[in-house]
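Student: Take a look at the following structure, please.
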């Protein structure tokens, strides 16, 4: 195989756009100098529309999980009762963080591959008004499910005073988030998914209601104390040394999103999801999730006639195409394909043509090209509908 | 459209592999220091198999045209009679360089899109034994024709003492060259095609017979004097300041070719050609060249039912896919697609799927996916035949 070929299509980390890479290659600067202040000053207003909030989006140096832990330690203290909606392994991680801090954790377990029904959340809160925080996952990366966080938030707020904290790691930037309108109290994401950056930054925004809780909360915390980030960002600064090269990249990634237009970014992700799902269906391969529960950023397929792990190995070795397998009890059973951030319909067509070849190369019969045709037709329909550039 | 998307599929410059880009990003060094000597010492033996020669391949700082002019000024002087085989615009350029130096130029003009018939060369030399040099183009970039340079060389040497000088710019590195075995006296290429580098380097190797002519040649020359390059390279040096970052990249590009294996590199290019030609044929679009005259590195198509320039504009604007148009009298009539260097079958599938969409977007009927299917089948056949990695 041609060396140096890498088609990174796992659900994060995702490929870095060349201009973002170049931006990150800038010479290092001092983190307390005027350049950093100006950089943060330029970034600050551009993050808000991505979150759909008027609140400042705080920038932390850490992985997405550090953002999730930040949400927990800033909104809760030991023995608080919380509800964690678990639709996959990242919901499970949220619950594990809560358990580590000795919260009283109620898990609302949902079959993996399905979205939570907001009515279940409503019923739970009607019976358990003592719940302090509800933790939900927007896109569950382990299954490709997009949970209805607007409806979840509504169900919570109509029945309790609980805060709604949302893990948006594998979709914010690729899927529209309306944090303020949906009355989400805290929204968290990471840099290495739809934000088109390497891992290393976590982004957290909190509502006014959340800030009241955060201010009053006695939970010990230092690096993850959101108050420090808020007070520093007010002055275009950070409490601790920031990952400056990632901030250079962030400015350019936000510029790319602005140039394309955020609505167009979201449409592109919807089109990619529809193309891939249409292709997989045309090839007669079952999808893990139903259309109404599917995320525009990651798609899970549940093959019956070939071994997912064999296909992953085949396309990696033969084409340099990296796709992900299943986690926990879905390990070895599903394939997850990331189509977010620096990914376009032209890449989805390539992925599909290579999946077709890979399956054929495993010795399985497949109708070559039928996935590509389905995706091409869906693309053309989307273009006709939009009647403008995607 | 997602900004920052660039699918560069013109017949050169071609995309740069990431590891080559990183190699070029190394800190600058002194061109007379030990590092440069060591670098040239490592590069020198690795260029020879790419040219198929035991001679040193000399490295000049300049475009491919500087390499062609080097070939002319080192092997000829004013009023020498030469034969230039013109199968397209780069054969024409060779002739123009010869004319600029006041050589007596005989042009063997061949219909664009066809390869030269070696018998024509044989007949010409039988009638014109006074010819000093025969200039031929290996891959004619303007038409995607691969001329039979081995047979041309044989026809020349069997009928005259003329040197055979070959422009290998758009194929050497992607197509097997056996300079010594084919008795080619001078072979020239550039860095920005199958060599996977930016433009800026020209490579020239000369046979023992050619060196005798070069030594005796009185043509005034300085920067392009091959003797200077030969004498310096013997000491792992260059006569003038070399483009060091390109040399950094060259070492890595050669390493990539070595890792893949040169035969595999050539097979990959053959497979890509077959895939693209099969796809275009399946879509009912005429090809400019016949299969026996086709180059593994560039393919020209000659559409009847849509405007080539409109398609180029459409796929560039909609997908960031850059493909080339025709030159001189083929301007506006053909499309040329580069598939050389940092390009693999997975990229060819993507190109085809986007050409199909682009034609459809022009409002022309096309059987979506039929090109992709043809290419997939050709790929699978090639793999079965090879029974090993491409």
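We count from 1, first residue shown onward.
Note that Cβ sites are derived from N, Cα and C of the backbone, with glycine treated the same way.
TrEMBL labels come from automatic prediction, so no person has curated them.
Pasting the feature list from TrEMBL:
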| type | residues | note |
| --- | --- | --- |
| DOMAIN | B:28-329 | domain 'Aminotransferase class V' |
| MOD_RES | B:193 | N6-(pyridoxal phosphate)lysine |
| BINDING | B:336 | substrate binding site |
Student: Quick one: of B:193, B:336, which of the recorded positions has the smallest count of other CB atoms within 10 A?
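Tutor: B:336, out of the recorded positions B:193, B:336, has the fewest neighbouring Cβ atoms within 10 Å.
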Student: In Å, rounded, how far does the Cα of residue B:193 (N6-(pyridoxal phosphate)lysine) sit from the Cα of the residue listed as 'substrate binding site'?
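Tutor: Rounded to the nearest whole number, the Cα-Cα distance is 14 Å.
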Student: State the mean pLDDT for the domain 'Aminotransferase class V' (B:28-329).
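Tutor: The average pLDDT of the model in the domain 'Aminotransferase class V' (B:28-329) works out to 97.
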